[in-house]
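Taking it in order: structure first as structure tokens, then the write-up.
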Amino acid sequence: MAIQLGCCSAEHGSRRETSGHARIQGGLVNKRDDIGNPPVSARPSQAEAEEAVRTLIRWAGDDPLREGLLQTPGRVTRAYTEFFSGYLSDPMEILATTFSEVDGYDEMVVLKDIRFESYCEHHMVPIIGRAHVAYLPEHRVVGISKLARLVDTYAKRLQIQEKMTVQIADALDTVLQPKGVGVILEAAHQCMSTRGVHKPGTSLVTSRMLGAFREDPSTRRELLSIIGNSTTAPLPNT
């Protein structure tokens, strides 16, 4: 189900603010969205979540009542509250205001090397990487810090990288209606390095190009040139 989204506040107060509203996929946990988030009222209680952790500890073969594990259920649920805070973050609030007075600026806007931490929806282990987010303004721009927050909103959920790439790009495209949007994610998946095939040092690269970035090879090359040095640098600490 689609939800309403707007655009964000920016750092330069001299630009005229324009409130924007659009509709995108994904958002607040109290509205069932494209990834099937249940309403907040349907979430288990803190006590139920902690009991589930105790069950997992017993399943793993240990005793949740021994001294070293007594506080573990509370610690785990508090950590998960942070890890999965994106379910409670509304892209509408992040992208709540756009700015139309940019003195005719119509060249590429690129925020690169945005570190993110997410969790694989298949194994619930970390995905750690960086995002590069670009757009070609048509009439409006958004505050650059909001681009990083938008990445975090979608990263702090159970994810697959391909879906996260699409969500970030489509949100920007829907709100700003720019000439083009380009999003590239590079990440190391611990489900590849700590289990299964055990291949540390590998990384997955995904991209979504919309508008001019998809249709104009020279625009796409310019973006790839701008982020080129980043793609050869080591990924953030995993």
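Even glycines carry a Cβ here, placed using N, Cα and C.
TrEMBL annotations:
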{"type": "DOMAIN", "residues": "50-227", "note": "domain 'GTP cyclohydrolase I'"}
{"type": "BINDING", "residues": "Cys120, His123, Cys191", "note": "Zn(2+) binding site"}
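Secondary structure from DSSP puts Cys120 (Zn(2+) binding site) in a beta strand. Note on Cys191 (Zn(2+) binding site): other Cβ atoms within 10 Å of its Cβ, all shown chains, come to 16.
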